[in-house]
Amino acid sequence: MGVRKGGRSDIVKKVSGIRKIHRLKKRNKNKIINNKIAAGDEGRANGDEHKRSIHIKVCCRRGMQGRTRLFSCAMRLFLRCFRLGQRRGRSKLLKRAGELWSYGKLCAKSLFYNSLTNSDVIIDSLFEPIYWLVDHVTRWFGVAFVCLVIVLTSSIVLIVYICLLPLILDTYSPAWIIWHVCYGHWNLLMIVFHYYKAARTSPGCPPQMKTDSPSVSICKKCIAPKPPRTHHCSICNRCILKMDHHCPWLNNCVGHFNHRYFFSFCLFMTMGCLYCSISSRDMFIDAYNAVETYYQTPPPPFTFKERVFHKCIIYLWVLCSSVALALGGLTLWHAMLISRGETSIERHINRKEKHRLEKKGKVFRNIFHYGRMNNWKVFFGVETRSHWLTRVLLPSAHPPYGDGLTWTHSPTATRRTLLAI
């Protein structure tokens with residue numbers, strides 16, 4: 001029994017040893033297989049990276065070769081053009097450069113010089129930005145200027161009615177009272193009427209439709225025919241018949257149909273300012289002397305009403321005297337132009353034309369000058385003697401002489417018809 005037991009144990013041990021050996025062999029085989037697989041993966045990975053690096057190098061070489069080819073093609077093209085220019089010769093290049101230089105000099109001269117250039121043209125060109133600024137300021141502030149005229153005129157009228165008229169009624173004789181009341185109200189009526197008509201009456205524009213009326217040129221701004229004595233107003237942006245100027249105090253152009261109203265307003269406004277200045281001269285001196293004593297010690301016993309009265313008299317006299325001087329000069333200037341049969345613009349044009357013809361030994365003659373007296377009759381529309389009263393000294397809305405489009409009448413015929421009247 002013991003032998004059998006011992007034999008069985010040996011057999012068991014041998015069998016277990018054999019099993020361990022098989023297990024170890026399997027483990028070693030698995031490790032070997034895993035190592036081979038890992039080695040194969042690494043090889044494959046290394047092969048892929050190697051292939052990628054080779055591909056990148058090939059692409060870089062091809063890009064460098066493409067850039068080199070492109071640069072070489074551009075250089076070849078440039079060299080061909082340069083060789084072609086050299087083959088054609090430098091004479092054509094110099095000739096082309098000379099033509100461009102001559103053309104540039106011609107353009108520069110055409111901008112700064114022509115046969116009609118003189119000092120007036122140069123001065124006008126230099127002042128063109130100022131003219132542009134004045135035009136736009138006048139256009140936007142025209143309403144403000146009209147309101148200023150109304151306010152200043154109304155203030156003078158109120159001072160006259162509140163301060164001066166009661167004093168005149170208390171101190172002057174009946175004859176002087178009648179004179180001041182009648183003349184003052186007549187002058188005020190003429191001022192208001194002619195200012196309203198000058199500001200509200202259209203100066204007249206050429207018709208936009210095609211007509212048979214003659215034209216002397218084409219307006220560069222309106223691209224339309226311009227009748228004689230017609231000019232373009234840059235502020236109103238339209239052509240004006242027999243244009244004199246654009247008046248900011250009217251916010252309107254002075255032209256064929258409202259020229260008489262404008263001159264009459266200037267004339268009667270000057271007369272009214274002179275009347276107020278002369279009539280209040282003594283009161284102005286007294287008021288000025290009284291104001292100088294305000295700061296004395298002890299101060300004079302003037303009431304508030306008396307102080308306001310003194311300042312109103314000084315304001316009235318200073319404003320009326322200043323307006324009389326400024327507006328009086330303008331009125332005299334326009335009276336001289338009317339006597340010569342000219343407008344403000346025509347005065348400038350005729351003077352230049354006169355100097356131009358004098359250099360050629362010729363005499364300039366204004367075809368719209370019919371004689372001094374006849375010019376005034378045409379301007380005021382006087383046809384009979386009674387018209388001096390009804391159309392000049394009293395408010396009248398009669399139309400001017402002619403339509404402003406045609407000026408076909410000759411000076412001799414006009415002079416005869418007006419003298420016959």
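Cβ coordinates are placed from backbone N, Cα and C, and glycine is handled just like the others.
A TrEMBL annotation is a machine prediction, not a hand-curated record.
Listed in TrEMBL:
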- 217-348: domain 'Palmitoyltransferase DHHC' (DOMAIN)
- 140-169: transmembrane segment (TRANSMEM)
- 175-196: transmembrane segment (TRANSMEM)
- 261-280: transmembrane segment (TRANSMEM)
- 314-338: transmembrane segment (TRANSMEM)
Contact set, same chain, for the transmembrane segment (314-338): CB under 8 Å, 6 or more residues outside the stretch: 152, 155-156, 159-160, 163-164, 244, 263, 266-267, 269-270, 272-274, 276-277, 280-281, 283-284, 287-288, 291, 344, 347, 375-376, 379
Within the domain 'Palmitoyltransferase DHHC' (217-348), residues counted as helix, strand or coil by DSSP: 75 helix, 16 strand, 41 coil
Confidence summary (mean pLDDT) of the domain 'Palmitoyltransferase DHHC' (217-348): 91
